[in-house]
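The active site, proton donor feature in TrEMBL is assigned to Glu182. The active site, nucleophile annotation in TrEMBL covers Glu261. If you look up TrEMBL, you'll see 396-507 marked as domain 'Beta-galactosidase 1-like first all-beta'. Here TrEMBL flags 535-596 as domain 'Beta-galactosidase galactose-binding'. Feature annotation from TrEMBL assigns signal peptide to 1-21.
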Amino acid sequence: MALLGFGNILLLLLLFGNSLGAPGSFSVDYKKDCFRKDGEEFRFISGSIHYSRIPRVYWKDRLLKMYMAGLNAIQTYIPWNYHEESPGQYSFSGERDMEYFLQLAQDIGLMVILRPGPYICGEWDMGGLPAWLLNKKDIVLRSSDPDYIAAVDKWMGKLLPMIKPYLYQNGGPIITVQVENEYGSYFACDYNYMRHLTKLFRSHLGEEVVLFTTDGAGLKFLKCGSIQGVYATVDFGPGNVTAAFNAQRHAEPHGPLVNSEYYTGWLDHWGSPHFFVSSAAVAKSLNEMLAMGANVNMYMFIGGTNFGYWNGANSPYGPQPTSYDYDAPLSEAGDLTKKYFAIRDVIKMYRKMPEGPIPPTTPKYGYGTVGLKRLQTISDALEILSFSGPVKSIYPQTFIELNQAFGYVLYRTKLPVNCNTPTPLSSPLNGIHDRAYVSVDGVAVGIIERNKALTVNVTGKGGSQVDILVENMGRINYGRDINDFKGLVSNLTLGKDTLTGWTMYSLSIDEAVSQGLLGETKPTVPSPPAALSLPTFYEGSFIIPDGIPDLPQDTYIKLPKWGKGQVWINGFNLGRYWPSRGPQVTLYVPASILSNAVPNNVTVLELEDAPCGPGPCSVEFTDTPILNGPVQSDFKQQRRLFSKDDLL
Ligand SMILES: *[C@@H]1O[C@H](CO)[C@@H](O)[C@H](O)[C@H]1NC(C)=O
Ligand SMILES: *[C@@H]1O[C@H](CO)[C@@H](O)[C@H](O)[C@H]1NC(C)=O
Ligand SMILES: *[C@@H]1O[C@H](CO)[C@@H](O)[C@H](O)[C@H]1NC(C)=O
Ligand SMILES: *[C@@H]1O[C@H](CO)[C@@H](O)[C@H](O)[C@H]1NC(C)=O
């Protein structure tokens, strides 16, 4: 009978093409202060990898490199807004095939620590929460607010049943599942919400699964973050390991020591220097934790890339750049670094290392300079870019009211009066979220930026057309300001008057770029060189050279002397560039979006000014990334290190 049963399972596995293993057990042992897997003492040495930040074709390579570093587990987030971009429209295929990712991890021999949110932070737009939750203006996110709970219940009702077969108990790789994320750092401190989530997770996943929470290694975080029946873990970077684990022991006097986010590096912001954290410091504290028998997840093991519009921001408003390299042991492009080998050398002392070669760093290629020609400006191309047509209202509406989540919206109105002398056009309530490119009668006049520059001077006759292109630079992902509405979120004034009579164009730029709809610019009288131009598209193409083996390879695009904007290759949105603000200078271009067969098309939306002059403009493809270029701002973000004050 048993044999027959086993045969049937095998047959089923073959039929359904997945290779989940035999059911097992995984639990917390409070007597021996450890995890138990199939009855045996188990300790994870894990690394964070976010499938949403790595092209699918590279998932296997990155996971294999993690396995070869001696890891026996990985940790990943599930970003809700990535899988449900509009209510009830779920997307789990292609690049978003989370199940395939879990399956790959298992096939390679890695356990999975899953962090399904609903909130994930992660320097990801709005901490993974879908912006459409803001349809209810005063929603209290991450709380018992009934509208929030209803959306969470529905999402988890879709997601968790998909996860269930991948639990270790059911033959899958998932050993533990996190509830919420660093909830103790959030102001709401709503125990009913955490209890509700716990019940919800248990109702879908069963009573056996090990649920856990993660909070900063300090009592003030654990106070609101931990909840009875869910195992409390902590996160902290290199430093005093003993002191940090003492904090966990306050919440969990017994059970395994767990650092769920051991920081191998740190995140960047536009306008502040790139972070480096020394390999020696990372290796030292890792060694100390492993010597104590602790479980460690390294955050990040590979950071990857915020393609498209997915980066988040911190408060006071400071958006994160496109690269999420994190100074992690595997670079943004999956390259083996000195830190990788330093970590591997530590792990070697505690675990038998897997046999076989480490997958090599993938080669990069510099395709050289590519000339770009000027296409239409945003204002010229409105018909093409605004599929849904304009919306009119007296006062400005936000992105959400216009049913747009990401990217750019053009707000148009008229000067109500003659402005013969420079007259301030202002956002007195700091309501431009996040950056606006202002023009009057087709002439660029200035930039308004959230928290930084709230006024531009304009001149012009009454009735002149005012175009204000507003860029959403990424929603705040941490803290009490995560209800981050975009667009014009308060009225603009001209002198003492409130501007009214708006026509607003939601722009579907990605669709227009990928369908090749943008046309060339209509010939204009050459204008004198200005510091600022209208937001304008540029386009060019390049061919992968013949006769060089193994092309196309990964590359980096560099836009020397360009201002700020967005870049696509073959319709794939690589993300934002802003070399004038820094520190990121090059953008990662995975080979998977390049073609050998036909010319590769580069499209750039330059928001400020392209370095073209009378001649052609160009971009460069280089084989070397630059993430630590000069910065031009005073924005400072404190690196979160463990401090003794956290224990008070
Ligand atoms: C680390 O913290 C522990 C516990 O608070 C303390 O006893 C020890 O002196 C600290 N070590 C260092 C090097 O500061
Ligand atoms: C606007 O013009 C006034 C008067 O010329 C000047 O004092 C002010 O600095 C200008 N403001 C900006 C933001 O340029
Ligand atoms: C603009 O001002 C009007 C009149 O005071 C007000 O009703 C409206 O709510 C304001 N709009 C925004 C977006 O602040
Ligand atoms: C680039 O654009 C050309 C012209 O529209 C098109 O024929 C070609 O297929 C595009 N290349 C790729 C890789 O999509």
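The backbone N, Cα and C atoms fix where each Cβ goes, glycine too.
TrEMBL labels come from automatic prediction, so no person has curated them.
DSSP assigns the residue listed as 'active site, proton donor' to coil in the three-state reduction, outside any helix or strand.
According to DSSP, the secondary structure content of the domain 'Beta-galactosidase 1-like first all-beta' (396-507) in residues is 0 helix, 57 strand, 55 coil.
Mapped onto three states, the DSSP output places the residue listed as 'active site, nucleophile' in strand. Averaged over the domain 'Beta-galactosidase galactose-binding' (535-596), the predicted model has a pLDDT of 97. In the domain 'Beta-galactosidase galactose-binding' (535-596), the DSSP tally of helix, strand and coil residues is 3 helix, 27 strand, 32 coil.
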